[in-house]
Amino acid sequence: MAKLLSFSDESRSSLERGVNALANAVRVTIGPKGRNVVLEKKFGAPDIVNDGDTIARDIELEDPFENLGAKLIQQVASRTKDKAGDGTTTATVLAQAMVREGLRNTAAGASPVELRRGMEKAAAQVVAGLASRSQAVEGDSIQQVATVSSSGDEEVGRMIAEAMDRVSVDGVITVEESKSLATEMEVTEGMAFDRGYSSPYFVTDADRQVCEFENPLILLTDRKISTVIDLVPVLEAVQKSGSPLLILSEEVEGEALATLVMNKSRGVLQVAAVRAPSFGDRRKAALADIAILTGGTLISEDQAMTLDKVTLEDLGHARRVTISKESTTIVANDNHSEAVSNRVAAIKRELDATESDYDREKLNERIAKLAGGVAVIKVGAATETELKNRKLRIEDALNATRAAVEEGIVAGGGSTLLQLAEDLNALAAQLDGDQRTGVEIVQRSLTAPVHQIATNAGHNGDVVIETMRQSGQGFNALTGVYEDLMATGIVDATKVVRLAVQDAVSIASLLVTTEVVIADKPEPEPPAGAGGEDPMGGMGGMGGMGGMGMPGMGGMGMPGMM
């Protein structure tokens, strides 16, 4: 494919236009009075969202160079989201301000490399300052963090705090859609473990990059599955039942994985494969625990059981399964409470008998996973659009609360960043030249979140910043009052703020040092119907898997598994 090249100031200017296009769409959502953004969908009603990462991922610009700038900011949002679960809008606002200041100084003749070094030194001091100001989460702080992160929704804050109280701060909490208008929370049996899907083609929700099944069947085995022939009987039975299927095994690979992926892609069978947690004997124990939880049978080599003899009666059942790239959560049906209790009692007896500290640790983990349960927050709303928006807010609030438990909290509303900006004066005084300018770039940019929060609330951002500096108080954008935000419960998770600063500095400093941009040259679209080809003709070759020697699959409408 031919390439387009752009150099020097022209290249940086095009990147900045892309950065601004995306950041301007995202920044309106920050703060308790942030606005919503409407996203057009190819099918169905548009989405109305207040989530920075969702907005960023939906933006694609026509100009290839500007689009690269937008993609860089998308990376800021997604990296912050992946590591902290929240803070994407703050990171975007910071990155935009740093890019603007950095490119302005570069155009004036500053050394991009020295600017970058100064920015990195400033970021290191800000991170240290956050750590020194951070306070551990205790008491009502959990509810306060959740409330602030959900844009002031006290019901959400109370519900998340209650969920963490019921299943512990390290417990499993999931968010799902309710069949009613009310938002409610319940605790049910379930389990989560650190294993994700074996292939990204199993994803059912492309926006969130997760695979979700309602009322799935679960095949449990400690075997490695390489060929599909052993799975044919159970796959036929599951396909006829109409239920989704989750396969938990030592590993699904090769021909078996390719066949499952193809039939999932064709819509023939809703299926996903996940590697079982742990290793060796502990893997077998974990699979046995899941079998008890779901009412299934573990197809084990130790008992000379084979996959070709599996029936629907051997499969486990769950209310819901959510699989991400790195983890799997199973929400059980509560139909096997007695069996789970007996299993926990048996593990406790094993715990009493062991003298190994390592074994004790692993046994306690198994007990916690089995007995801890899963807190399920069911989100209700009057319309589907409102439901999606509310669900995103609750997920963000939950992620921010977990981050707060991990690294503590600082005063919110951008007030901590404003204080840390003042502290950079001493660092700037120690440096000279363009490194000092790099520190000043970060210093000025740290005021951007406060400025935007105030602007979204209908106040003059410059006036608010100056008043905060003179009074030493934070600005409550919800009430318009200057007060001690930590004392009034307006707090941010330290981890979220830290990652927002680090990711923003990382991308901005790289962009400032960019000299050449290379993009793909857009190819003209061919006229409709050109060449007289069938637009779906490319699918015809998928019938060629008939050579696998499984003619019995043809009768169930699964030609790809023949």
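Just so you know, the numbers here start at 1 and follow the chain as drawn.
Using N, Cα and C of the backbone, Cβ positions are placed for all residues, glycine too.
Under DSSP, N476 (ATP binding site) is assigned to a strand (E or B) in the three-state scheme. Feature annotation from Swiss-Prot assigns ATP binding site to T29, I30, G31, P32, D86, G87, T88, T89, T90, G413, N476, A477, L478, D492.
Across the residues annotated as binding ATP (T29, I30, G31, P32, D86, G87, T88, T89, T90, G413, N476, A477, L478, D492), the two Cα atoms farthest apart lie 21 Å from each other.
Same-chain residues at least 6 positions away in sequence with a Cβ under 8 Å from that of T88 (ATP binding site) are, in sequence order, V26, D51, G52, D53, A56, V76, A77, S78, T80, K81. Sequence-distant contacts of T90 (ATP binding site), defined by Cβ-Cβ distance under 8 angstroms and a gap of at least six in the same chain, are I30, T80, G414, P449, V496, V497, A500. Counting every protein chain shown, the number of other Cβ atoms lying within 10 Å of the Cβ of D86 (ATP binding site) is 30. The binding-site residues in question are T29, N476, and the one with the fewest Cβ neighbours inside 10 Å is N476.
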